[in-house]
Amino acid sequence: AGGPRGTAPGQQLRALFYALAPGESSFRTVEEVPDYVEKSIPFFITFIGLEFAVSWIQKRKLPGRINDGISSLSLGILSRLPDVLFRSIELISYIHVWNNYRLFELPWDSPWTWYLTLLGVDFAYYCFHRMSHEVNILWAAHQVHHSSEDYNLFTALRQSVLQKYTSWMFNLPMALFIPPSVFAVHLQFNLLYQFWIHTEVITKLGPLEWILNTPSHHRVHHGRNPYCIDKNYGGTLIIWDRIFGTFEAEDAKVVYGLTHPVNSFDPIMLQLRPLAHIWNTCWATPGFCNKLSVIFKGPGWGPGKPRLGLPEEIPVITGKEVPFNPRVPAYLNCYALVHFAVIVDLYIELLASMTMLSQGTVLLRIGFIILSLASFGLLMENK
């Protein structure tokens, strides 16, 4: 049937849309849970190709740019590299609470447990995602995902290295009663579902817009138009935004990216510069309480301002914004594409063979991948 239970190609495809039934995706132990994310890489590539084809048919233009696409994929690879060396902190912390502090144990093979975990993981994601926009130190990690000025399936893979080291704590209440194997499945499904909603080729989905997070809702979340700021935090479901007053329907044409664009394709700089900005702002702000506020209030906060800053200070959108797009020779784009493909192959091969390699070899390969990804970003900036 294509592999162990839960890994057949048809099941992997449906996992992207959270469309597996409880009986197909319930496991007794964490060790039995498939790595749905890594096994979805071929589908990521297929859907990206399909998006390019549909966009060309619809609009006679491609959905993104080479430099931004390489930057997004580089950030995605970079975000997964720690998992090569360490087990996921989200699972480690969850299993620790489960083993030592659980109050009672829901049955791992019950559909009711499966659906309750779906709601629990999605609500925890909503809470974490909202805090990531409203707490500056959390935003420093999460802003990586918002730094693209394109909106396409590449953007979905644009992830932060640091974000998982703060998100884990929002899931811990579930560890008091939900088995880790059930949690491990839904943690992946919630992430995979958010891949396909990063596109402009899908417009509206009718009645599903009331319940599910859709491409239309998520386009608003990625916008820097004033009406888009701090809206639509849901992962799989949009009901939490409707309940807690953070929902906004798509209206005026969305302009994507950060309110103050970073103008860089360097994945290392994109990961670290926000932390340097917080450090410099904190150092320059007088008063101990104000320094704490720089860290724990909103990104737009300043002395004398409300916690989330002043809405009138959000830059006005004219619709004529031009994305950062340095001109580079065509041969350089071709070189970057070919070399990037080699690095992707090296990364996939590393994942497949890391248990057979020495730690020194693994570290050398990771170092080479990071150096290469940083070099691609700098080349795309003409540096």
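Placed from the backbone N, Cα and C atoms, the Cβ positions cover glycine too.
Over in TrEMBL, the protein carries these features:
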DOMAIN    115-246  domain 'Fatty acid hydroxylase'
DOMAIN    332-383  domain 'Alkylglycerol monooxygenase C-terminal'
TRANSMEM  362-380  transmembrane segment
Query raised in the report: Could you count the residues of the domain 'Alkylglycerol monooxygenase C-terminal' (332-383) that DSSP puts in helix, in strand and in coil?
Result: 47 helix, 0 strand, 5 coil
Report summary line: Rounded mean pLDDT within the domain 'Alkylglycerol monooxygenase C-terminal' (332-383) lands at 93
Report summary line: DSSP puts the residues of the domain 'Fatty acid hydroxylase' (115-246) at 86 helix, 3 strand, 43 coil
